[in-house]
Structure formats: structure tokens, C-alpha cells
Amino acid sequence: MRLLVISGRSGSGKTSALHLLEDEGFTCIDNLPVKLLPALIEQIGDAPHASKHKFAIGIDARNLNSDLSQIESLIKDNLPANAECLVVYLDTSREVLLKRFSETRRKHPLSDQNTGLNEAIAKEKVILEPVAAAADITVDTSHMSLHELRSTIKRLVVGEESKGMAIMFKSFGFKYGVPVDADFIFDVRCLPNPYWSPELRSQSGLEAGVIEFLNSQQEVDDMFDDICAFVQKWAPSFQANNRSYLTVAIGCTGGMHRSVYLAERLAAELKKGYANVQTRHRQLEQKPGA
């Protein structure tokens, strides 16, 4: 039996994630009271051919605080030995949530006559802290389109069954904020910057000119060697601990040159030992026309 618990802040994409999982053959139950988890786990565990069943359960902040604080123990104490459970938490920045609710004009579940949108968002974050702490996977959807969210959930949650631990190398620009879903963050702003070469400024770390420039820098080789050695040393420990994913974020100033180049180079090296290695370039995806 495979059980996924999908939670997160309202507006972060929980419903969209459940719709995708339903398309992938999961039986989905949304807004389940946490205190009913043990009974549900027992019931689906006793069903015929239970080992082949796949369930996804949506849990939100409308549960009692005391119930949410017990979510980790409720799962651990009631899950059958032959079952697998993964808790996925979707997070989004306050600014993006305010924008999303303003644009859609949807009512926040915790807002009322006495609670405005800003206060409801802050209140929900506190209520869901026990779930966020218990999460096996945290996905920051602040900068994701619906298509990107579905692709990410499919890659990390649906696709990880047969491919083992997924290793994601994510490039980003520090000027746009640090990704909250990273397990490790490496700052490469100290490296020579192609941005200061006028002929390279408009290119990205995927293009030949930038690659040639960075390939010629000894500091870049040293940084690559050190990050690669770190990931290669510790990735087996994460995998042995039944982790389904490992996200390594590489950041430069604008997220266009150095971080992109290193993320691609690191992914190419790690693919020699791992079947499920991907890259994501946050700032490239946000360029006009991307």
C-alpha cells in the first residue's frame, strides 16, 4: 500500500496536486480530519489486494491544532509494516499568496468578518507548522506555473517509485530569494562572472560562450570539484535513509550564468551513478517567452 499525505498553505496548489495524483491512479480524499487517519489506514490496509492500492489524502488547516500536532505519530503508529507513507508539504511565500488570492478573489478558508486575508495567511502558517515539520518532501510553489507544479509533483512523487532517490540540481539568483525546498544551498557568487563580458551578458549558462568562459576558470573547476565531492559523499546516506529526493541549490547573483552552468555540470557527473538526476533553472524559466 502506498499512502501520500498532501498538505500546504491555501493557494499553494494542494488541490491541483491531488487532481494530478487522481489522474495517476491514486484514490484521493481531500480535507480529511486528521483524527480519522488511523481508522482510514486500518480500513484500506484490510482491503483485498491492499498492497497494490495507492491513496492520496489532503489535509489542511481546518483541523484542530491538537490533531495536527499528532500527525506524525498517528501515521507512524498505525501504518502497516508493508506500507509506504510520504508526507508532501506545499509552501508559498506570503507575497505570492496575497497576489493569488487577490487575483482570483477567492476567500481564504481561515478568513472571516474579523480576520483579514493577511492575518489568515499568517495564522494558517502557524497552524500547519507540525505538518511542515513532519514532511518528507517540501515544494516551494511560489515561482511555479500550474504546469511546473504538476511536473514537479509527478517527478518527485509519482516517478520516484521505480527510479530510486531523485537528485535535483536547482540554479537560482540570490537577488530573487533563496529556494525554501533545498536541502543544501551553495553560494557561487565568488566565481568569475560572465555578466561583465558584454558579449556574454545576454547568454545563459547553457550556451557555448558562457560554458567556454567558465571552463577556462580554475576557481570554477575547484568549486565544481568540492560541491561534487560533497554530494557524492552524502547522497548515499540520504538514499540509505529512504529519502525519495535530494535538492541541491546552486545560487549566483542573477541565476543566469554561473549557477546554471554548475547545475548542469554537476547533474551530468551525478548521472554516472544515479538514474534519476534532473536540473531546474528557476530564473531561466521566468524569462519572458520561457
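Any Cβ shown, glycine's included, is placed from N, Cα and C.
Annotated ATP binding site per Swiss-Prot: G8, R9, S10, G11, S12, G13, K14, T15, in sequence order. Around S10 (ATP binding site), the C-beta neighbours below 8 angstroms that are at least 6 residues distant in the chain are D60, A61, L97, H108, P109, L110, I121, E124.
Taken from Swiss-Prot, the feature GTP binding site applies to D60, A61, R62, N63, supported by sequence analysis. In the shown protein chains, 21 other C-beta atoms lie within 10 A of the C-beta of A61 (GTP binding site). A61 (GTP binding site) falls within neither a helix nor a strand when secondary structure is assigned with DSSP, and so counts as coil.
Taking each Cβ in turn and tallying the other Cβ atoms within 10 Å, the top scorer among the binding-site residues R9, K14, R62 is R9. According to its DSSP assignment, G8 (ATP binding site) is in a strand. Within 8 A of the CB centroid of the ATP site residues G8, R9, S10, G11, S12, G13, K14, T15, the other residues of that chain are L90, T92, T141.
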